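Have a look at the structure below before the remarks.
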Amino acid sequence: MAVDTMESVAVVAVPFPAQGHLNQLLHLSLLLASRGLSVHYAAPPPHVRQARARVHGWDPKALGSIEFHDLDVPAYDSPPPDLAAPSPFPNHLMPMFEAFAAAARAPLAALLQRLSATHRRVAVVFDRLNPFAATEAARLGNGEAFGLQCVAISYDLGWLDPGHRLIRDYGLQFLAPDACMSKEFVDFVLRMEEAEQGAPVAGLVMNTCRALEGEFIDVVAAQPSFQGQRFFAVGPLNPLLLDADARTTPGRRHQALEWLDKQPPASVLYVSFGTTSCLHAEQVAELAAAIKGSKQRFIWVLRDADRADIYADASGESRHAKFLSEFTEETRGIGLLITGWAPQLEILAHGATAAFMSHCGWNSTMESLSHGKPVLAWPMHSDQPWDSELLCKYLKAGLLVRPWEKHADIIPAQAIQKVIEEAMLSDSGMAVRQRAKELGEAVRASVADGGNSRKDLDDFIGYITR
């Protein structure tokens, strides 16, 4: 592709302001910029800062290849997560979601108009929770909109047709959205979709690959609601690191990586529940007892869900302060407890890591599978129960810790320990670990020369620069 053709197209990435969404669009932006495209990333100021600070797996200099833009929105409440809430969904983020949806359109429209005047084409890649971006792209004489699928494409099949043959044949269960999300958020999503209904969308870019969801990609592409859209399965968007990369991270290395360097191969359980989930104190105690009882090496990231603005003041010490002190002393030499941000990609790529106990967010699921690590599935909310179904029943690269029907219960230590020991010590666990390793190799092949994801990325770039 000629350089002038590439430079005459502006790509504008418009993420939804939550960590798993910010991260995926920044990875895609970096991929496109590495291919010579002019890429612009537009989000509220604290979320631009958050995305830049937390991205892992790239040379820090790569961020200089992207132009970042602030979408100013009015002040909003940024409370801590409500630990007494009846639902595990992070409803404390709703004031920010509402403020963003109401105010981000105007500064985005102004940015698109400026870029439209100086480029042959403006390709707007928007998180599908931001349908207003498609409407604004359509207002340009030279604009096109492409949705970014930040969840499994199979999740869309469940949303559109929960009784579909493919779901039935594999014994999968799709939960209605209001069973695992708050009513406020479901209403918000439906309201956004209804307001922007009819906005033309040229295609769908998916953070998945045929090695994981090939059957579902074909079935969803044939659904009437996607008629006329081009499908580009370009995942995984996250960088694929090697064990050597995890051992030679440039700059000052995180303590977790230095600790992993000293552990035997495939001996460590990594435990983390993402950025939008909290565990009750009673559940923390049961999980701690299970980890100790299993006598397995571990890295445990214990932190509460993000605030809407992660840079807002958080007063006081951790609510787990007493536990942290005692547990750290009791497990000294066996494991590592982290209360801040952890370099998850590098941890999963490290040869000492054997398995990942996870909330099953799609970001974490893709990162784990692309590095050949099985998942001990503990879904918390949103699409996560579906991801656990996909992992455990369809891909057979996961073991279920907590069935969704018990999501309101405290899971006892004995039940958790049993799954840890199955994953780390048993023949059946070894089979799951081997299956995850095979999937990891297939996922890596998909982004290598000649792979399906590489071809789809080439096709996407070719289409927007045509």
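Any Cβ shown, glycine's included, is placed from N, Cα and C.
What Swiss-Prot records for H21, N91 is anthocyanidin binding site. As annotated by Swiss-Prot, active site, proton acceptor applies to H21. Residues annotated as active site, charge relay in Swiss-Prot: D127. Residues or ranges marked as UDP-alpha-D-glucose binding site in Swiss-Prot (evidence: similarity to another entry): A342, Q344, H359, W362, N363, S364, E367, D383, Q384.
Features per Swiss-Prot, on structure.
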residue	record	Cβ within 10 Å
H21	anthocyanidin binding site	23
N91	anthocyanidin binding site	20
D127	active site, charge relay	22
A342	UDP-alpha-D-glucose binding site	21
H359	UDP-alpha-D-glucose binding site	23
N363	UDP-alpha-D-glucose binding site	24
E367	UDP-alpha-D-glucose binding site	27
Q384	UDP-alpha-D-glucose binding site	30
>> The record lists A342, Q344, H359, W362, N363, S364, E367, D383, Q384 as binding UDP-alpha-D-glucose. What's the largest Cα to Cα distance among them, in Å, rounded to a whole number?
In response: 23
> How big is the Cα-to-Cα gap, in Å, between H359 (UDP-alpha-D-glucose binding site) and H21 (anthocyanidin binding site)?
Replying inline: 16
> Considering only the recorded positions H21, N91, D127, which residue has the minimal Cα-Cα separation from A342 (UDP-alpha-D-glucose binding site)?
Replying inline: H21
>> In whole Å, how far does the CA atom of N91 (anthocyanidin binding site) lie from that of Q384 (UDP-alpha-D-glucose binding site)?
In response: 16
> For H359 (UDP-alpha-D-glucose binding site), what is the secondary structure by DSSP, using just helix, strand and coil?
Replying inline: coil
> How many Å lie between the Cα of Q384 (UDP-alpha-D-glucose binding site) and the Cα of the residue listed as 'active site, charge relay'?
Replying inline: 18
> Tell me, by DSSP, whether E367 (UDP-alpha-D-glucose binding site) is helix, strand or coil?
Replying inline: helix
> What does DSSP say about the residue listed as 'active site, charge relay': helix, strand or coil?
Replying inline: strand
